Amino acid sequence: MALGALKSDSYVELSQYRDQHFRGNRSDQECLLKHSCTLYVGNLSFYTTEEQIHELFSKSGDVKKIVMGLDKIKKTACGFCFVEYYTRTDAEQAMRFINGTRLDDRIIRTDWDAGFKEGRQYGRGKSGGQVRDEYRQDYDAGRGGYGKIVQSI
């Protein structure tokens, strides 16, 4: 990383999370994350639309593409998406100002993503959605009720 990036007011730190399904080594992943224009957006309501995502995230810059996360079995929204900007600066603005804001009565979280690849739009949980929704103990109407494993007991 260039020294200028360390001194830049616009530089947004990487989180500790790393995609365990990333194909490549840790160094490659770090490099992609540091230069990426793509954000992972989590904790969305299952009812949040692509239009709502676009309206919110376009306040930080020009959005190139939005990919909504889908349940791999039902092909319905499952609470996450990827937002790609044309520039890193616009993506950094979103990380700084949109992370932790409320959308559809939910506090959303953003994180850097190494770049969208086909197939990543599908939930990785056994029941088709996100893994975190399988183990949820509390009732969450915005994310399908109780966790899938709790429902099956």
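Every residue, even glycine, has its Cβ placed from backbone N, Cα and C.
As recorded in Swiss-Prot, the features of this protein are as follows:
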BINDING   TYR17, TYR40, ARG109, THR110, ASP111, TRP112, ASP113, ARG120, GLN121, TYR122, GLY123, ARG124, GLN130, VAL131  mRNA binding site
DOMAIN    37-115  domain 'RRM'
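Among the listed binding-site residues, namely ASP111, ASP113, the Cβ with the most fellow Cβ atoms inside 10 Å is that of ASP113.
Taking the domain 'RRM' (37-115) as a whole, pLDDT averages 92 in the prediction. Over all protein chains present, the Cβ of ARG109 (mRNA binding site) has 17 other Cβ atoms lying within 10 Å. DSSP states for the domain 'RRM' (37-115), grouped as helix (H, G, I), strand (E, B) and coil, give 18 helix, 31 strand, 30 coil.
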